[in-house]
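Some notes on the structure that comes next.
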C-alpha cells in the first residue's frame, strides 16, 4: 500500500467539513488507491462534536482511511501535513462591519499561519475556504515565512463551478462541454466571472449568448449566488463548497486538463497589472503539483475595469490588516 497522505482540516466540526471529510475518506480526493491520514482541528468547545464526526468516519470502514487524529492544537494537527483545508473562520454577526470580521479572522489565521510555518510539510498545499478567504490566505501566508508563497491558495473554484454550470444550462449543454471560464479577483460580489475566453463545445461562448444576458444576468447571478442560496435555504453553501474544495485540491495534486484551466486564488506575480503579493483569483494551469498563471489573455476595457474594481477591494482589505502582515 502507498504511503498515506496527511490531510489536515480546520473547522472540522462545521457543515462544510461534514460534507467534505467522508468524501476524502473514501477516495474522492486522491483516488481509490491512495490512503490518507485525517487530522481534524476545531476549537475546544467543539470537541464533543468533533469526536462524534471521528466516530462516524470510523464507522464508514474505508480501507483508505488509515488514521484519524482530533485536536484543538494547530501545531499538532499541522505536523507533517501535506494538504490543508482551512475551513474554520468566524462568520459575520449582526452589526459586524467588514473591518470587524477581518480583524477577528486575522487573529485566527495569523496564529494558524505560524503553526503551519513550524510544523507542516515544506511541500504542503494549503487551501483557505473560510471567509474572507483571499485576505485570510494572505494573512496565513505572511505569517509562514519559511513556506513558499506557492504553498498557499484560496478558493474561487465554487464561483468557477457556478459560472460553468450557469453557462451550460443557458446553452443547453453538459458542463463537460464548457471550458476556459475565468473567475478574477476576490471571493466576494466584486469578483469578475469572465466569459471572453470561454468555450462551449469548442466555440467562443460569447458568440453563443446575448451580450445583454452576459452583463445583466450571468455576471450578477454568479456574483450573488452565495447570497441567493442563503436567502432560499436559510444557510450558506456547504455541500457545494465542499465539492469545490475537493475539485480545487484534486486539480492542484493531479493537474489540469490539456487546453483548459481552473480559477484559483494565488499570490499575484504582477500578471495583468495586479499588485504583487495580493491574493487574487487568476486562471491557472497545473502540472506536477505546480500552478502557473495563464499569461497574455487579451482584456478589453470592460474586463480591465472589472479587474480593477475587485483589486481595489482586496487592497482595502489588505490595508485593514496590515499590522499583521
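Each Cβ is built from the backbone N, Cα and C atoms, and glycine gets one as well.
Every protein chain considered, the tally of other Cβ atoms within 10 Å of the Cβ of residue 17 (NAD(+) binding site) stands at 26. Mapped onto three states, the DSSP output places residue 17 (NAD(+) binding site) in helix. The NAD(+) binding site annotation in Swiss-Prot covers 11, 12, 13, 14, 15, 16, 17, 105, 112, 129, 130, 131.
Marked as substrate binding site by Swiss-Prot: 92, 98, 131, 162. Within the same chain, residues at least 6 positions away in sequence whose Cβ sits under 8 Å from that of residue 162 (substrate binding site) are 222, 225, 240.
In sequence order, 131, 132, 133, 134, 154, 155, 156, 158, 159, 265, 281 are the residues of the chain that are 6 or more apart from residue 187 (active site, proton acceptor) and have a CB within less than 8 Å of its CB. Among the features that Swiss-Prot reports, active site, proton acceptor is placed at 187.
Counted within 10 Å of its Cβ, the other Cβ atoms near residue 98 (substrate binding site) come to 14, all protein chains included. The 10 Å shell around the Cβ of residue 15 (NAD(+) binding site) contains 16 further Cβ atoms across the protein chains shown. Looking only at the binding-site residues 112, 131, the densest Cβ neighbourhood within 10 Å occurs at 112.
Annotation note: residue 187 (active site, proton acceptor) sits in a coil segment as assigned by DSSP.
In the three-state DSSP scheme, residue 11 (NAD(+) binding site) falls into the coil class.
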